[in-house]
Amino acid sequence: MQKLQISVYIYLFVLILAGPVDLNENSEQKENVEKEGLCNACTWRQNTKSSRIEAIKIQILSKLRLETAPNISKDAIRQLLPKAPPLRELIDQYDVQRDDSSDGSLEDDDYHATTETIITMPTESDLLMQVEGKPKCCFFKFSSKIQYNKVVKAQLWIYLRPVKTPTTVFVQILRLIKPMKDGTRYTGIRSLKLDMNPGAGIWQSIDVKTVLQNWLKQPESNLGIEIKALDENGHDLAVTFPRPGEDGLNPFLEVKVTDTPKRSRRDFGLDCDEHSTESRCCRYPLTVDFEAFGWDWIIAPKRYKANYCSGECEFVFLQKYPHTHLVHQANPRGSAGPCCTPTKMSPINMLYFNGKEQIIYGKIPAMVVDRCGCS
């Protein structure tokens with residue numbers, strides 16, 4: 001009996017000594033597993049972020065119908081960028097992409113960018129026409145996609161050089177036509193009279209919507225325009241061929257077309273930051289910096305919040321297609337698991353140069369991740 005009691009005491013003593021050691025080992029193992037899990041999650045998110053940035057670059061070029069990024073230097077941009085009110089307003093009042101809950105979903109969005117405003121600079125005409133012994137002022141080419149949208153506004157902007165004394169300026173916009181029997185080579189579009197005072201030069205806009213619509217209907221009639229702005233002494237104040245120091249003062253067209261809004265349903269998802277320990281499918285912040293790419297051809301925005309999705313998708317988290325959960329329960333081996341993916345996206349507005357050195361202000365759909373979910 002005494003031997004049995006001694007054996008029991010020894011056994012209990014061993015358990016007491018061994019117990020804490022096992023608990024500590026289990027705790028350390030659990031902590032190591034958690035750390036390893038967090039490390040793997042960080043690596044996965046970093047890879048997802050890098051892939052998202054590369055995908056964004058490809059999407060932008062594709063949606064703008066560009067095979068490669070336009071090769072426009074900063075010096076060329078300074079010369080081409082008009083120093084004019086409409087462009088300055090677009091840049092100064094630029095609607096930087098906000099993280100809001102505005103409607104717009106991945107399913108309802110068109111793929112290609114919908115143009116809202118196009119700023120077209122003059123180019124050389126294929127037909128080198130002469131007007132009164134001098135080359136014509138301005139010829140504008142229009143992208144074919146404008147023909148499939150309704151033109152709601154078309155303004156010709158011209159810059160008038162400063163004057164030293166108060167004067168009245170007579171502005172004439174003439175449309176070039178094929179030579180007629182009597183020798184006429186142009187017809188009037190608009191005429192206006194304005195008073196100028198000494199000081200800085202001014203920008204003047206002229207409505208040319210009707211002319212533009214006619215050009216779009218009959219492209220062969222687009223031979224260019226002639227601009228005249230004569231003061232009381234007969235001096236032409238219009239900048240048609242910029243002199244040294246007059247970069248950015250070329251005439252240009254500002255064309256606005258309609259953009260059809262779309263309605264969509266609202267989805268909900270988790271929002272996380274980079275330090276989050278959330279393992280489920282979540283939306284994480286990501287800022288895309290175009291200057292870091294060397295994409296100087298994008299005038300604005302220079303950067304925007306794109307966001308990305310990352311995380312696990314267990315079937316209990318499935319949001320978009322609940323019936324998939326039932327299918328998985330019925331046949332777990334034959335069902336592919338859900339993926340963490342954008343369920344709601346919104347567009348960004350962008351001001352950029354295209355391959356023809358035209359300035360475009362357009363909307364690019366599905367560029368910002370608003371919600372993430374499992375599907």
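Each residue, glycine too, has its Cβ placed from N, Cα and C.
Annotated in Swiss-Prot:
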DISULFID  Cys272-Cys282  disulfide bond
DISULFID  Cys281-Cys340  disulfide bond
DISULFID  Cys309-Cys372  disulfide bond
DISULFID  Cys313-Cys374  disulfide bond
CARBOHYD  Asn71  N-linked glycosylation site
SIGNAL    1-18  signal peptide
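Note on proximity: of the recorded positions Asn71, Cys272, Cys281, Cys282, the one nearest Cys374 (disulfide bond) is Cys281, by Cα distance. Residue pair Asn71 (N-linked glycosylation site) / Cys309 (disulfide bond) shows a Cα separation of 32 Å.
If you take the Cα of Cys340 (disulfide bond) and the Cα of Cys309 (disulfide bond), they are about 6 angstrom apart, rounded to a whole number. Here the disulfide-bonded residues are Cys313, Cys340, and the one with the most other Cβ atoms within 10 Å of its Cβ is Cys340. The C-beta environment of Cys309 (disulfide bond), restricted to residues of the same chain at least 6 apart in sequence and closer than 8 Å, consists of Thr48, Cys281, Cys282, Arg283, Tyr284, Cys340, Thr341, Pro342, Val369, Cys372. Around Cys272 (disulfide bond), the same-chain residues six or more apart in sequence whose CB sits under 8 Å from its CB are Glu278, Cys282, Arg283, Tyr284, Gly311, listed in sequence order.
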